[in-house]
Amino acid sequence: MSGSNGPTDTHTYQSLAEDCPFGSVEQPKRSTGRLVMHSMAMFGREFCYAVEAAYVTPVLLSVGLPKSLYSMVWLLSPILGFLLQPVVGSASDHCRARWGRRRPYILTLAIMMLLGMVLYLNGDAVVSALVANPRQKLIWAISITMVGVVLFDFSADFIDGPIKAYLFDVCSHQDKEKGLHYHALFTGFGGALGYILGAIDWVHLDLGRLLGTEFQVMFFFSALVLILCFITHLCSIPEAPLRDAATDPPSQQDPQGSSLSASGMHEYGSIEKVKNGGADTEQPVQEWKNKKPSGQSQRTMSMKSLLRALVNMPSHYRCLCVSHLIGWTAFLSNMLFFTDFMGQIVYHGDPYGAHNSTEFLVYERGVEVGCWGLCINSVFSSVYSYFQKAMVSYIGLKGLYFMGYLLFGLGTGFIGLFPNVYSTLVLCSMFGVMSSTLYTVPFNLIAEYHREEEKEKGQEVPGGPDNQGRGKGVDCAALTCMVQLAQILVGGGLGFLVNMAGSVVVVVITASAVALIGCCFVALFVRYVD
């Protein structure tokens, strides 16, 4: 999978496109502590996701949101994300901020996540304190809560692409693999902690009485975790700013293979060579002189060139995106309706019964047990992520990818055909296998594809084909926007299936069937690098 590049333990990377400003940099080995710090963003993001999963439906019901607006709440965010994700990915590829290419976008999206939580967890309380007219209060409460939910979902979905691109920019190939495993590990931990805190009855505890409602308690914890995690993440690994290859010649000095020059500015368009501890700088300067005119054309990237880069993406990238879409469609089909499935099918409750009826109370009990099932999913996702590092050397990425889809497909199929409390909770561990697989294997394959392209580009003859305009940000964005497309498909299609079948069991069966189709796709069509 990966290997050391000599005793210096550093790797040289060349650009995906010969004339693009995403050139090679010599990346040092990153310590485990730095990679863990980098992974804290995934911990904070998933913690807030779990809080939203536990509380967003009660919040929307409490403000009186009409059922006709439910689909708009859930579909608006993924539609915006699907359309804008590649645009922002390309913009971050060309960003020349002094703080780096990815971190300004990560910081902005983290602030938007925090603002979204402020609005949907506290909007009703703020409106109640400021507006006296009951009708205006209802309108403002619904509007602010909807804006908060959409803003949070949009930002939380969006932020995954820049985080992955940031990891790919600053790490060697071996550290990318380790970093992705840590990402999946802390994603599971964050989700588990969020579900556990969401299952606690805060109303009858001192903290709940102090802050007012359980919504305010969860906002306190969510805001605290989010702020601390993203501060840690943004300070984890230095990111070299992108300099203009058309105006700034490569540095004449190489500080012992570091990715940062003495001034903290390193030119991505150069090709560095490290020989016997010294740097050969004559070649980069000459190449800069030869490429100076073409460098100016890469200062910006138009919408037309972005679309061309996405359409002309190599076929193995497109196949990987399709497999990611299939996997997330299966996973979200199950996860979004799982607590409802537990309440209606496993516990035989009635969500439409009177709130003091036995059927409704049984349904609520099933939903609570379903939340613990989702907690099991998160914990097992972390555990499985830890063992993935050892398993990949035996069965490879293809084996991991296939096994993740297969176990999830068989597990959800068994749950749908034989609903039982204890077997369902045990099989929730298969959800964790799928979650860990989706968070690691596709991005490992992206890293492998990049590595292969960089090697081929180094041996390429002049005038050979290139992929102008494609940077790592665009590739990561194209992959992660498949999550938004899956949300659109699930949100727009599963409600129709449930209405046609008259039971939510069709959701679990559909998730199983889609996952098993995904097994065939990842085995036959996804390309794996030897």
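The backbone N, Cα and C atoms fix where each Cβ goes, glycine too.
Heads up, TrEMBL stuff is auto-annotated, nobody curated it.
Taken from TrEMBL as is:
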- 71-92: transmembrane segment (TRANSMEM)
- 104-123: transmembrane segment (TRANSMEM)
- 138-159: transmembrane segment (TRANSMEM)
- 180-203: transmembrane segment (TRANSMEM)
- 215-235: transmembrane segment (TRANSMEM)
- 275-299: region 'Disordered' (REGION)
- 325-347: transmembrane segment (TRANSMEM)
- 367-387: transmembrane segment (TRANSMEM)
- 399-418: transmembrane segment (TRANSMEM)
- 424-447: transmembrane segment (TRANSMEM)
- 476-498: transmembrane segment (TRANSMEM)
- 504-526: transmembrane segment (TRANSMEM)
Contact yes or no, the transmembrane segment (367-387) and the transmembrane segment (399-418), 3+ Cβ pairs under 8 Å, gap 6+: no
Same-chain residue ranges lying at least 6 outside the transmembrane segment (215-235) that approach it to Cβ under 8 Å: 37-41, 43-45, 47-48, 51, 54-55, 59, 103, 106-107, 110, 113-114, 117-118, 121-122, 124-125, 163, 190, 194, 197-198, 202, 207-208
Distant-in-sequence neighbours of the transmembrane segment (138-159), which means Cβ under 8 A and at least six residues beyond its ends: 41, 45, 48-49, 52, 56, 59-60, 63-66, 69, 72-73, 76-78, 80-81, 84-85, 88, 106, 109-110, 112-113, 115-121, 123-124, 126-128, 131, 480, 483-484, 487
Among the ranges 325-347, 476-498, 504-526, the one whose Cβ pairs under 8 Å to the transmembrane segment (399-418) are most numerous: 504-526
Chain residues outside the transmembrane segment (504-526) and at least six past its termini with a C-beta under 8 angstroms from it: 316, 319-320, 322-323, 326-327, 329-331, 333-334, 337-338, 340-341, 344-345, 398, 401-402, 405-406, 408-413, 415-417, 419, 434, 445, 494, 497-498
